[in-house]
Amino acid sequence: MPHSRPTNTSLLELHLTGIPGLQHLHHWISIPFCIMYLITLAGNSTLLCVIKAEPSLHLPMFLFLSMLAVIDLVMSTSITPKMLGIFWFHFTAISLDACLTQMYFVHAFSVMESGVLVAMAFDRYMAICNPLRYLSILTSPVVAAIGLATLLRAVVFMSPLTFQIHRLPLCRPAVVDHSYCEHMAVLKLACGDAAFSNTYSLSISTYVGSFDSLLIALSYALILRAVLSLSSPQARKKAFSTCGSHVCVMALFYIPGLLSMYMERYHQELPPHVQVLLADIYLLIPPAFNPLIYGIKTKQIRDGACRMISR
């Protein structure tokens, strides 16, 4: 039977419902979620260890990959343990401060991941289309500056959102119909004027999603043009395989996130559990797949892992 909503909740404490309408399936849903989290922890941690241990991997491509691994670990860990607590033990309560902290980490690191994906697409463009100038342009200071820029962009974009929602009074039943503290779901509890938060959230999400995905699409279009000019069919096949898998993982990150946000914003007639599952997918699947797509399929990573194991 679905769990009843808690009553007499304090405004300093919220309750997460998990996946609305599917509470009776929480234990089953938790199995793939837990598996994906374990893959995320094992894959990204291994990736970081291999890149750190192998001096030959201290190249721009793998430095960006390290940034992506750290972001994925933080983003997944900020939501999955609490989510599994809801699914397994019905630990629905979360303090308002913890909820806002979780919200900030989820959305800020999502913006950071988007920025790193753009940087990785540019890195691939330089490596394939301009290999002679690759290391002279993407030096270590430049890579560090790009990483810092993605961090600052996330802080600048997300800080006003969190401060604004912190100031809004929550005067409805303190129950969030979501599996984590997603901004639009928490905003539904506010009884003050939430127009700024609504508009700002929609604008930032649209800007980041559309602008970053456009830059990625442009990079891969230029890569595709360069690949088609290669004389070797084997080289073309390898480049198509690599770029195709990268684009698929990026699509899993951008499309479910934007769909979930727009459906929350415009109250589309879809079951609530579909909206929540879409939001969960874009935070859980890419972090689990990234080390497989970007790591295991990369020969240098495989060779580095073998050398580390042999030692």
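Glycine is treated like the rest: Cβ placed from N, Cα and C.
Unlike curated entries, TrEMBL annotations are predicted automatically.
Here is what TrEMBL records for this protein:
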type: TRANSMEM; residues: 28-50; note: transmembrane segment
type: DOMAIN; residues: 43-294; note: domain 'G-protein coupled receptors family 1 profile'
type: TRANSMEM; residues: 62-91; note: transmembrane segment
type: TRANSMEM; residues: 103-122; note: transmembrane segment
type: TRANSMEM; residues: 134-156; note: transmembrane segment
type: TRANSMEM; residues: 207-228; note: transmembrane segment
type: TRANSMEM; residues: 240-262; note: transmembrane segment
type: TRANSMEM; residues: 274-294; note: transmembrane segment
- When only pairs 6 or more apart in sequence are counted, do the transmembrane segment (28-50) and the transmembrane segment (274-294) reach 3 or more Cβ pairs under 8 Å? yes
- Query: Average pLDDT across the domain 'G-protein coupled receptors family 1 profile' (43-294)?
  - Reply: 86
- Query: Which range out of 62-91, 103-122, 274-294 gives the transmembrane segment (134-156) the most CB pairs under 8 Å?
  - Reply: 103-122
- Message: Can you work out which residues elsewhere in the same chain, 6+ from the ends of the transmembrane segment (62-91), have a Cβ less than 8 Å from its Cβ atoms?
- Response: 3, 16-18, 26-27, 29-30, 33-34, 37, 40-41, 44-45, 47-48, 51-52, 102, 105-106, 109-110, 112-113, 116-117, 119-120, 123, 140, 143, 146-147, 150, 179-180, 280, 283-284, 286-287, 290-291, 294-295, 300-301
- Same-chain residue ranges lying at least 6 outside the transmembrane segment (103-122) that approach it to Cβ under 8 Å: 61, 64-65, 67-68, 71-72, 74-75, 78-79, 146-147, 149-151, 153-155, 157-159, 161-162, 165, 180-183, 186, 204, 208-209, 212, 215-216, 219-220, 246, 250, 253-254, 257, 283, 286, 294
